[in-house]
């Protein structure tokens, strides 16, 4: 081989590192974090992360400028769309009860590089989200005091005219971040108690708004005299849906907290369902009473609820609304700062991020360094930077995470046994299979002797046998790839076909037909194969349909974002790749998985129903089944 020419084997090993998947040794509940959260704790954590400034600001903005009274329909459609992503998170949160959320789910199903990029984007998402909520919190409080805080700051420090910097430093918002970080560092119990208290106050205020609002309701405000129920038509309702979708962002904090749940298999799916249901109910009822109290065109977008009560002669109710909004935004703040260091902890524990952030305080049992470091970083971002240009990062990061989680559900549901990294046990006696991966172990303990995933359904083999002629799982892998590619093409045609691509009608219809047919064929191929079935673990229904629809929806919403958001997002990804190739790939714990001489435990299941746990040296040849020479 010529000097300097890369070795093919070395290049293959390098590529293998990029797509290696995390193998969890077992499904035990052992963790260095404290398992102290009940289903109620997780539910209120999810409600607190979803019902925040959106309820008090977003509702009025969408009703006034986008949909009119049909904002209620937009929230219903957005809740159903969010449910598809939430079901994916619920299945993974119950199946993989470890902290890390979408990062971990991607790691165990799609590979290390993709997982790092998802985790990297989640870090930015939580930093910006926490900073934006802190700014909204301080702005709302400042408005109650006639903007005296902002006026004092600008009078003594002046107004900054520097690109990417805020108009003036927001000391109040930065102080809120530091105070919330201090509470989160005290432990999950303290954070949960504070979240319970604030969520209770917030829900009482919401109940008051709904009851008094319906008492003051005027059905004529939805009549033709005021423009009708949907003055902006169907397009307005769908545009409102795209905006309202982000009101339900936040249920992933439940999945990220699954390692601190007492019974994650039961608590995580239940908490996700209850929190999403409660948040959807709150948004729908509040938007209904808001547009019934006063005409939609009379709303004040900046403080719609308080102004609506003021217009009806109940100005005192505005103080209750302000109290509820501050409590709601504080719970969102706590949820974000609770989840952020746990994502960092998961990445550091896997060796993909700096190891010091994997430190867990022995008394409080929380990732203390991650909380302090990233709490301080968030405070600096809140204090100095202009967040208006960065807030759209929240949308693209969240939607990308939703997409990868949906793809991960498809991958693990249809993953064939032969795709496991451990060799099968062979022999002339009863057929045995060795289980080493976490998903394989779940199949062993949960499914027993059910149908083998990734194989063609027996009833369809006489008709579709050609799908099984290739390597095991080849048809499934091809169908998943076809599904993703056709979903991207379908989203591009629907969202960009007329406005950006300016396709002629025949071209639009042709591309729409081709992408739709490919999408449906991929769905049918996946549906023709057997899925992994687990007992005593939540599994979302209607797979592969729901994950596939979630993927299409997420791509469509991502394509509605501005091109500048995509440019900034690409730059952030490039920085992440530098971190990964400069540190993560060399320090990954997967580099040292099963070194020579390490004795590891393996689960072995024989076709006659026996299950055994074997211990062997990975450097030795696999054990043979009964009756083998």
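Note that Cβ sites are derived from N, Cα and C of the backbone, with glycine treated the same way.
Heads up, TrEMBL stuff is auto-annotated, nobody curated it.
As written in TrEMBL, here are the features:
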type	residues	note
TRANSMEM	39-58	transmembrane segment
TRANSMEM	70-90	transmembrane segment
TRANSMEM	171-190	transmembrane segment
TRANSMEM	197-217	transmembrane segment
TRANSMEM	267-296	transmembrane segment
TRANSMEM	316-345	transmembrane segment
TRANSMEM	366-385	transmembrane segment
TRANSMEM	391-412	transmembrane segment
TRANSMEM	474-497	transmembrane segment
TRANSMEM	503-528	transmembrane segment
DOMAIN	538-588	domain 'Cationic amino acid transporter C-terminal'
TRANSMEM	540-563	transmembrane segment
TRANSMEM	569-586	transmembrane segment
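In this chain, the transmembrane segment (366-385) lies in contact with the transmembrane segment (171-190); the count of Cβ pairs under 8 Å, excluding pairs fewer than 6 apart in sequence, is at least 3. Same-chain neighbours of the transmembrane segment (70-90): 59, 62-63, 101-102, 105, 229-232, 236-238, 240-241, 243-245, 247-249, 251-252, 254-255, 268-269, 272-273, 276, 279-280, 283-284, 287-288, 291, 402, 405-406, 408-409, 538, 540-541, 546-547, 549-550, 553-554, counting only residues six or more beyond its ends whose CB sits under 8 Å from a CB of the stretch. Helix, strand and coil content of the domain 'Cationic amino acid transporter C-terminal' (538-588), in residues and according to DSSP, is 39 helix, 0 strand, 12 coil.
A Cβ distance under 8 Å defines the sequence-distant neighbours of the transmembrane segment (366-385), meaning residues of its chain 6+ beyond its ends; these are 33-34, 123, 127-128, 130-131, 134-135, 164-166, 169-171, 173-175, 177-178, 180-181, 184-185, 187-188, 337, 340-342, 344-345, 348, 356-360. Sequence-distant contacts of the transmembrane segment (391-412) (same chain, six or more residues past either end, CB-CB distance under 8 Å): 84-85, 88-89, 91-92, 95, 101-102, 105-106, 108-110, 114, 118, 121-122, 124-125, 128-129, 132, 246, 249, 252, 439, 480, 483-484, 526, 532, 540, 543-544, 547-548, 550-551, 554-555, 557-558, 561-562, 565-566, 568-569, 572. Each of 197-217, 316-345, 474-497, 503-528, 569-586 was scored by its Cβ pairs under 8 Å to the transmembrane segment (39-58), and the highest score goes to 316-345. Per-residue pLDDT, averaged across the domain 'Cationic amino acid transporter C-terminal' (538-588), gives 90. Between the transmembrane segment (540-563) and the transmembrane segment (474-497) there are 3 or more Cβ pairs closer than 8 Å, counting only residues 6 or more apart in sequence, so the two stretches are in contact. A Cβ distance under 8 Å defines the sequence-distant neighbours of the transmembrane segment (474-497), meaning residues of its chain 6+ beyond its ends; these are 407, 410-411, 414-416, 454, 456, 467-468, 503, 508, 511-512, 514-516, 518-519, 521-523, 525-526, 529, 544, 548, 551-552, 555-556, 558-560.
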